[in-house]
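According to TrEMBL, the domain 'Cytochrome b561 bacterial/Ni-hydrogenase' annotation covers 8-213. The transmembrane segment annotation in TrEMBL covers 14-35, 61-82, 138-159, 179-200.
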Amino acid sequence: MSQRQYKRHDRSDIFIHWFNAVCWFLLLVTGLGLFGNPEIDPLGSGYPAFMRSLVGGGGNLLIIHVTLGLIWAGGLLLYMLINFKGAVFFLKEIFMVDPARDITWMIRKMILMTAGPKLLGKNSELPDQGYYNMGQKAFAQASVVGGVVIVVTGIIMFLSDQTLGAEHMALVSWSITLHYLAVGLVFAGLLVHIYMAAISPEEKPGFRSMFTGHVPEDYAKHHHKLWYERVKDNPSSEV
């Protein structure tokens, strides 16, 4: 007998998730090719040279990178306009943190993943979580804050060659540093997110929900019990 299915994401949520994934990948691929100093480029000098030759020079690569960034930022703004309620719900859920419950969940989860349950003894149970667990909240928070920093600093960096004068060099220098740091932060979180969502066996139902929009009842009850308690009598509702 098949399990009862609960709606977790609508079509616009699924679209923006994969839109983000594709944009981030393309922005990373093109952005790494823009490094001018091979000593700080994690891929060395060969990759930037290859990317620039592929598109006819560094100028073209920069145009492609900036265009992708504008498409990404524009897509996010369009999503917020089309699904404003969903965007507000997302932001509210990821930034609403219960220190006692969520921080405890994060600490115990990290110990379970690295040292195993023996170290925790009788305290190995994870506190109940809502629509997002604290790990998902942390990555989403880093993505939102990091994304804003990436867009703002990216605009400043682009304008540095167009309209900003020598008096703004300090602003441009800080923007470059913050841009790299924000990208590094989001990328580090993305690696953990990919493992937890797509590779970890216990999270497979959650991963599949990013295609189907639904999760089975036992997954909802075990991984997002506080959310499950809100929607258990109405499977078609997300909130």
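Quick reminder: no glycine exception, Cβ is built from N, Cα and C everywhere.
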Positions on the same chain near the transmembrane segment (138-159), where near means CB under 8 A and six or more residues out: 66, 69, 73, 76, 90-91, 94-95, 106, 132, 171-172, 175-176, 178-179, 182-183, 185-186, 189-190, 192-193
Arithmetic mean of per-residue pLDDT over the domain 'Cytochrome b561 bacterial/Ni-hydrogenase' (8-213): 89
